[in-house]
Amino acid sequence: MERAPPDGPLNASGALAGEAAAAGGARGFSAAWTAVLAALMALLIVATVLGNALVMLAFVADSSLRTQNNFFLLNLAISDFLVGAFCIPLYVPYVLTGRWTFGRGLCKLWLVVDYLLCTSSAFNIVLISYDRFLSVTRAVSYRAQQGDTRRAVRKMLLVWVLAFLLYGPAILSWEYLSGGSSIPEGHCYAEFFYNWYFLITASTLEFFTPFLSVTFFNLSIYLNIQRRTRLRLDGAREAAGPEPPPEAQPSPPPPPGCWGCWQKGHGEAMPLHRYGVGEAAVGAEAGEATLGGGGGGGSVASPTSSSGSSSRGTERPRSLKRGSKPSASSASLEKRMKMVSQSFTQRFRLSRDRKVAKSLAVIVSIFGLCWAPYTLLMIIRAACHGHCVPDYWYETSFWLLWANSAVNPVLYPLCHHSFRRAFTKLLCPQKLKIQPHSSLEHCWK
């Protein structure tokens with residue numbers, strides 16, 4: 001995202017660079033340095049174009065990727081692809097020769113597209129983080145909206161419109177509003193490049209606000225996961241506690257006349273390890289349920305039906321297991337099994353959300369590292385009119401900004417199982433193991 005005249009390493013002002021270019025001089029690079037820089041720039045172009053093209057092709061090859069949240073990743077890939085296919089190639093001869101040779105019309109188009117793509121890339125990062133924030137903090141309503149692709153398309157279009165409005169009108173109309181162009185012949189940069197007030201306002205909307213937003217979203221996701229983890233652990237401790245749940249606690253003891261038969265039956269129902277998993281649970285619950293004085297029907301209704309018979313007392317757990325009518329213990333057992341199932345579901349969702357948080361943290365961190373140097377140097381450079389920031393530091397900062405477009409496609413397969421599967425399907429189909437779609441665990445989904 002070139003935002004300044006590409007001054008030579010020894011020339012701090014655009015005028016001196018313009019004079020050197022007008023005299024036919026290059027930027028002062030030796031032949032060896034020119035070859036090295038050209039090779040590095042070509043490598044960045046290839047990596048950016050191929051990486052993001054692979055992401056876009058993955059959406060064509062794998063229909064499982066076409067979910068609402070993944071459309072936002074596609075939008076980001078489109079922005080990054082165009083950066084590598086259009087913006088960087090036009091800048092390479094400019095930076096190597098120090099002179100723009102493509103005319104004023106293409107210069108305007110290049111500036112509009114360059115600012116548009118880089119700004120939309122930042123806004124897409126915000127949209128992706130916001131989408132994951134909703135998926136974690138408002139899971140029910142979020143899942144209900146997953147089939148509404150029109151909503152996703154509207155959000156994607158809004159990103160492009162806002163990105164254009166931030167810089168596009170200023171690039172196209174600044175010279176007419178100011179009464180003429182101040183750009184020297186043979187150069188291509190925005191008219192407002194040294195307008196500190198405009199740049200601080202635009203930078204606030206382009207970087208500082210998005211960065212604070214994604215930091216807030218990811219911090220909220222992290223705190224939500226921590227809270228749910230504590231709740232799950234507390235629930236597990238309560239379920240494994242020495243006391244049974246309230247609905248399974250015994251009723252007051254039966255009348256003294258049958259105390260002995262109840263005590264014996266209950267005692268024989270206690271050794272859970274003698275039964276299988278299902279039988280042990282039923283047996284244990286059954287012994288407790290008989291205290292309710294009528295949990296179901298005839299054979300298991302009440303301890304008073306046996307007036308002290310020891311043999312009847314020993315048969316009680318077996319009759320409970322084979323009873324034809326459900327007792328209160330059956331409902332309690334079903335509730336416990338449901339709690340176990342919910343615990344596994346919650347554990348899976350927590351694991352998935354942790355992956356989401358980690359992957360977003362990586363993307364956001366790289367976003368900050370790539371954008372912060374450029375934004376800060378641009379503001380400082382505008383404040384001192386280009387005299388307080390060495391040229392090579394500034395150029396390094398916006399090459400770092402462009403490098404973000406090459407890095408983003410690498411991040412997707414590292415955190416997303418379906419992207420890895422789609423990439424394998426495209427690049428190494430013979431290594432793709434046939435798996436049912438239901439077994440895929442998504443990092444983003």
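Note that Cβ sites are derived from N, Cα and C of the backbone, with glycine treated the same way.
Taking the topological domains listed in Swiss-Prot, Ala61 lies across the membrane from Ile183. Here Swiss-Prot annotates a disulfide bond for Cys107; of Cys87, Cys188, Cys258, the partner residue is Cys188.
When Asn11, Asn218 are looked up in Swiss-Prot, the one carrying the note N-linked glycosylation site is Asn11; the rest have no such note there, which does not rule it out for them. Looking at the stretches 270-290, 396-416, the one that Swiss-Prot records under the feature transmembrane segment is 396-416. Counting Cβ pairs under 8 Å to the transmembrane segment (109-129), the stretch among 71-91, 157-177, 360-380, 396-416 with the most such contacts is 71-91. Counting other Cβ atoms within 10 Å of each Cβ, the disulfide-bonded residues Cys107, Cys188 show the lowest value at Cys107. The listed stretches are 40-60, 197-217, 360-380, 396-416; of these, 197-217 has the most Cβ pairs under 8 Å to the transmembrane segment (157-177). Beyond the transmembrane segment (197-217), the same-chain residues lying 6 or more positions past its ends with a Cβ under 8 Å from any Cβ of the stretch are 119, 122-123, 125-126, 129-130, 132-133, 166-167, 170, 360, 364, 367-368, 371-372, 375, 378-379, 382.
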